[in-house]
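Notes follow the structure.
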2 protein chains.
Amino acid sequence: MKSIKVGILGLGTVGGGTANVLQRNADEISRRAGRNIEVIMASVRDLARPRLCDCSSLTLTTDPFEVVNNPDVDIVVELIGGETLAKELMLLAIDNGKHVVTANKALIALHGNEIFAAAQEQGVSVLFESAVAGGISIIKSIREGLAGNRIELVAGIINGTGNFILTEMRDKGRPFEDVLAEAQALGYAEADPTFDVEGIDAAHKLTILASIAFGIPLQFDKVYTEGITDLSLTDVDYAEQLGYRIKHLGVAKASKDGIEMRVHPTLIPAKRLIANVDGVMNAVMVRGDAVGNTLHYGAGAGAEPTASAVVADIVDVARTITADPHNRVPHLAFQPDALIDLPVKSQDAFECAFYLRFEVNDVAGVMSQLSAQFADQNISIEAITQKEPKVDEDFVSVIFITQRTTEGRVNRAIKQIESMADVRKKAIKIRVEHLN
Amino acid sequence: MKSIKVGILGLGTVGGGTANVLQRNADEISRRAGRNIEVIMASVRDLARPRLCDCSSLTLTTDPFEVVNNPDVDIVVELIGGETLAKELMLLAIDNGKHVVTANKALIALHGNEIFAAAQEQGVSVLFESAVAGGISIIKSIREGLAGNRIELVAGIINGTGNFILTEMRDKGRPFEDVLAEAQALGYAEADPTFDVEGIDAAHKLTILASIAFGIPLQFDKVYTEGITDLSLTDVDYAEQLGYRIKHLGVAKASKDGIEMRVHPTLIPAKRLIANVDGVMNAVMVRGDAVGNTLHYGAGAGAEPTASAVVADIVDVARTITADPHNRVPHLAFQPDALIDLPVKSQDAFECAFYLRFEVNDVAGVMSQLSAQFADQNISIEAITQKEPKVDEDFVSVIFITQRTTEGRVNRAIKQIESMADVRKKAIKIRVEHLN
């Protein structure tokens, strides 16, 4: 039984977790894979640093190029993150005829088209299950499990930090800044939380999900991205009263006039399973024309859940290592020459329902003036609520839930309403997805 | 581009759905698979019967052996059900060097060991994703997506009819017989509902899940099976009041002293996602040592969801058709020579918590007499509730929720309690799984 030899770039949280899982479950894994899988080498930044895993059986080096150029290594596992060095190493590994497994969502979202073309040319695999939603194996589910479907919708809670913050805001009535500080103390959020709270991390993952769902090239720059930093407890609370819950969703939708790719806070009916995914957990809903709605739930981050996906990819590579390179599962689910550059919709063309809150003077006739603007734009209203002024407030909040419409119409209505004398401040607009 | 030629045995609901999905999504599927997949032949019972699919491009025959012996057919899709003819046809197809895709859970659960041995010998694949939980692709998720994990627990709502009945009982307070009659009228339940309501269908599926989770041979006869026919509204209601929901679960659990395989009504904390899976939907929770808890949700039955899984299997076969037969994903997730015949626990050794309800005369001291029996068996009690007599009742219900213990201890305590003078009728015992 030939053993498969793995070299790991980066032995931090996920790298250490991967080495641990491969060692701890070595017997179970070789019973499945039919071969031993052995980590023989790893690159680290500092040889003296304490490790999460037992390194006695592997060669450590501070030079990642040694791993990538080691002729004994069959599979390079890239876990150093970042875009520059990681990309150089990955392309060199591919050039050296090695298979690559990576958890680097930014690298795949931004440079995947180039990387996969190189891999295709060399007849090697680049697998990236751990780049999206950690241990859930959502990429495998879409790419293989739903291969018979025309995928219509992917909607996911794909950033654990953001979901932790929203869950705490709702459950404990704590403001955003307060929960963010705690998440940082707990290690859920980075010192610089921009990627998480501004939705960039989720946008990287959505880029990948949209590609494999619809057979389009990776195009991160076309994802509309809105974070959770501006979300107020007031709206979290009003949403709840109206039977909704606010989640930060990545949404990719296909319709006959194009693809929507967007990341933003979203009202979801509270009774949907995905509305009840709390804390740092991730979940992705996928709708296919044959299968209907499916939901895939699990830990989206952390050393071992991410390692679970990395190891699954390693086993997949081991299983196809002798296979015809042109008959493997294609990187982006569709054959490279069958990707279609479908039009990606701009924000004005997004189709969904909307939660809109206006702060208005409590004078007669204001509600009918507001309603008239929606009628002008042909927007149907699902529900209207007027809230009493809170203590110290001299205005009332008026909340509209629209029926499904386009964002362009809604923006035009908002512009008209904001120009009205009795309307205060900027309107609050949050998208609503019913996911039924 | 060589096309893959499919022959279908049985063109009923699932067969018609499969042909429809393959035709409707032909372009999408060949963009993914890199080859065309074409149904060229199907066997039916009655040529004159109206069809769910367009049959103009395929040869219909009433002789299924014609399909299995057709040298042009690459993949035989077995959808006739049953164990005798289906098995004969499947073994003949394998013998003829054809790959097989099947939705036949009974056949796999009861004869899978023999069928897979034959397939292994011939170097062909037998895929059966659609046999468990329809479109969810739970087999792929466990067998491949979680290949790095030691699986600890699988717990699933894997019979849609049963879940529909339990959901209606809870939501509308309707008794079992009443809902069953409606389910039959709606076509969710068969005219003979035994397989669904007695848990046999779920036990077939659990047999398969346990094998691929733990690497043990298929052994349907060792699954403990209890249906939902004896479940009363009283207990559905009391469970709800205590913060639980009753679901009919298939549970497979690994511990160092053996495997538990059991199918029965189960109290689950109402806040768990799986407790909120309602109607005919299926969901399977899988716990791995690295990934933690995952949940996989979707439609478990119906023409197109089942067809979704059948087509995914066909695409999988198409992708590995040129591969080294000994390097494919093994049928039962583990290499055939690596399956281990772990001990399967008997009912007395099952470990979980229990909901126990006793009907007792409303006399002083009875509660302490009952409690003493649990103390005698070293069973700790989590909660005790005494319910007022209902109108027309001259007894009170006493409900105990135990902490985790063995079923043997619980049965001994029940036996003692049932022999007491002030205790009426048979005790109600329902297992509790916290799934946290």
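Glycine too: its Cβ is placed from the backbone N, Cα and C atoms.
In the three-state DSSP assignment, the secondary structure recorded for B:LYS205 (active site, proton donor) is helix. Annotation source TrEMBL lists active site, proton donor at B:LYS205.
Under the heading NADP(+) binding site, TrEMBL lists B:LEU9, B:GLY10, B:LEU11, B:GLY12, B:THR13, B:VAL14, B:GLY15, B:GLY16. B:THR13 (NADP(+) binding site) falls within a helix when secondary structure is assigned with DSSP.
B:LYS105 (NADPH binding site) is surrounded by 26 other CB atoms, counting those within 10 A of its CB over all protein chains shown. In the three-state DSSP scheme, B:LYS105 (NADPH binding site) falls into the helix class. Marked as NADPH binding site by TrEMBL: B:LYS105.
In the three-state DSSP assignment, the secondary structure recorded for B:GLU190 (L-homoserine binding site) is coil. Sequence-distant contacts of B:GLU190 (L-homoserine binding site), defined by Cβ-Cβ distance under 8 angstroms and a gap of at least six in the same chain, are B:GLN184, B:ASP196. Residues or ranges marked as L-homoserine binding site by TrEMBL: B:GLU190.
Residues or ranges marked as domain 'ACT' by TrEMBL: B:355-431. DSSP assignment over the domain 'ACT' (B:355-431) gives 23 helix, 31 strand, 23 coil.
The distance from the Cα of B:GLY10 (NADP(+) binding site) to the Cα of B:LYS105 (NADPH binding site) comes to 15 Å.
Each of the binding-site residues B:GLY10, B:GLY12, B:GLY15, B:GLY16 was scored by the number of other CB atoms within 10 Å of its CB, and the largest score is that of B:GLY15.
Sequence-distant contacts (6 or more apart, same chain, Cβ under 8 Å) of B:VAL14 (NADP(+) binding site) comprise B:LEU79, B:ALA103, B:SER130, B:ALA303, B:THR306, B:ALA307, B:VAL310.
The Cβ of B:LEU11 (NADP(+) binding site) lies under 8 Å from the Cβ of B:ALA19, B:ALA42, B:SER43, B:VAL44, B:ARG51, B:LEU52, B:CYS53, B:CYS55, B:LEU60, B:LEU79, each of which sits 6+ residues away along the same chain.
Distance from the CA of B:LYS205 (active site, proton donor) to the CA of B:GLY16 (NADP(+) binding site) is 23 Å. Long-range Cβ contacts of B:THR13 (NADP(+) binding site) within its own chain (separation 6+, distance under 8 Å): B:LEU52, B:GLY302, B:ALA303, B:THR306. Over the domain 'ACT' (B:355-431), the average per-residue pLDDT in this prediction is 93. Its own atom aside, the Cβ of B:LEU9 (NADP(+) binding site) has 27 Cβ atoms within 10 angstroms in the protein chains shown.
Its own atom aside, the Cβ of B:LYS205 (active site, proton donor) has 27 Cβ atoms within 10 angstroms in the protein chains shown.
Compute the center of the Cβ atoms of B:LEU9, B:GLY10, B:LEU11, B:GLY12, B:THR13, B:VAL14, B:GLY15, B:GLY16, which mark the site for NADP(+); besides them, the chain residues with Cβ within 8 Å of that center are B:ILE8, B:GLY17, B:THR18, B:ALA42, B:LEU79, B:ILE80.
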